[in-house]
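S.K.: My questions will all concern the structure given below.
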Amino acid sequence: MQMTTRVLTGITPSGTPHLGNYVGAIRPAIQASTATDAESFYFLADLHSLIKAQDPARTQRSTLEIAASWLACGLDPDKVWFYRQSDVPETTELMWLLTCVAGKGILNRAHAYKAAMDKNRAEGEDEDAGVTAGLFMYPVLMAADILIFNAHKVPVGRDQIQHIEMARDFAQRFNHVYGQDYFTLPDAVIDEQVATLPGLDGRKMSKSYNNTIPLFAPREELRKLVFSILTDSRAPGEAKDTQGSALFQLYQAFATPQETAAFAQAFADGISWADAKQQLFERIDLEIAPLRARYEALMAEPAKIEATLRAGGARLRARYATPLLAQLRDAVGLRDLSSQASAVGPATAVKAALPVFKQYRESDGQFYFKLHDAAGTLLLQSDGFASPREAGQLIARLKQAEDTTQLQLPGVQLPADAAPVLAALRALREA
């Protein structure tokens with residue numbers, strides 16, 4: 001039976017989103033949440049937000065607004081896992097367990113931490129000025145978010161790929177130190193076609209440019225903002241270019257292909273900017289009006305949102321987080337002292353039941369793996385690899401090997417007698 005793919009999406013609680021957030025992130029994520037071949041996890045990263053936001057009222061308000069936004073846009077908490085990061089305390093306990101195997105050198109190379117230090121040096125400040133331990137440890141908390149549910153895939157932007165690689169590294173280190181594959185190694189999913197919208201001034205829509213159109217702006221405010229979009233001086237009756245037109249790009253993001261083609265023809269026919277803006281306003285409002293109504297209803301009943309988030313967290317803890325933490329606590333030795341004598345025998349027996357691949361990182365920075373048989377005898381040793389993914393891909397190929405020729409792969413130190421290796425691989429396939 002094939003395992004369902006678990007997909008984890010983190011949501012930054014940054015308040016009410018704008019149209020660019022909706023088109024580029026929220027709408028496609030909610031569409032993806034309906035996939036029947038995946039188990040989807042969506043969480044509000046309120047603990048992460050504390051790294052930058054230290055205004056309690058703002059943190060609370062932003063969390064409420066972003067939760068209401070996603071629910072209003074169609075996220076169904078009965079079909080996906082929707083929860084608040086701080087409602088799953090096992091995440092922070094796991095963070096500590098990972099911290100105890102994470103290399104400080106890896107954290108030193110984290111982009112956000114390095115950027116903060118570089119900025120301080122450029123300004124003549126002490127390189128750690130204003131840099132909190134929270135910023136430094138951010139990648140470990142992100143790894144815990146992913147590994148607490150053993151997510152297989154994590155949709156991220158290119159600037160977050162490093163954090164997924166770190167999560168893989170921490171997971172491999174833990175698996176190696178404690179001799180068992182407790183964690184699945186997650187993969188980053190990069191959407192190369194992320195939609196971006198132009199703002200009121202033609203630049204990318206961004207709060208930092210102060211050129212946004214709030215997603216749930218009241219109807220009249222929405223109309224006013226649309227009519228303030230920057231256009232050129234071409235008069236009614238004069239053909240207008242769709243290329244580079246913020247007005248046209250915004251319309252295209254909400255319209256069907258047929259509607260877009262008709263709008264393009266209207267540009268060629270010399271539609272006035274006022275009429276074009278009116279059409280854009282009506283097309284956006286057609287999609288947004290029902291979402292706005294749901295958002296306003298949700299914001300009027302914050303207790304319902306609170307109940308939804310708490311219920312999601314409670315169900316997740318029971319299903320995934322609590323059982324995994326119990327297993328991990330036992331693995332590291334945080335055990336009931338009265339059961340010490342009886343626990344040693346069975347644990348050893350279970351551990352020795354099957355052959356096992358062990359992945360690890362050496363001091364040279366390279367990633368290696370070994371194959372041991374059920375008794376712990378070393379059967380196979382790899383060469384070093386530049387990334388954990390390369391090592392993992394080779395292990396996957398080895399697990400399918402059924403004869404000696406299939407074992408002859410670059411990066412594998414094959415023993416003279418390959419029969420024990422093939423027997424071990426067969427045992428793993430049949431397990």
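Even glycines carry a Cβ here, placed using N, Cα and C.
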S.K.: With Swiss-Prot as the source, which of 204-208, 279-283, 309-313 is set down as motif ''KMSKS' region'?
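M.R.: Among 204-208, 279-283, 309-313, the range Swiss-Prot annotates as motif ''KMSKS' region' is 204-208.
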S.K.: In Å, rounded, how far does the Cα of Asp145 (L-tryptophan binding site) sit from the Cα of Thr12 (ATP binding site)?
M.R.: 13
S.K.: Far apart in sequence but close in space: which same-chain residues, 6 or more away, have a Cβ under 8 Å from Leu197 (ATP binding site)?
M.R.: Leu19, Gly20, Val23, Gly24, Lys204, Met205, Gln249, Leu250, Ala253
S.K.: Which numbers of helix, strand and coil residues does DSSP report for the motif ''HIGH' region' (13-21)?
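M.R.: Final tally across the stretch: 3 helix, 1 strand, 5 coil.
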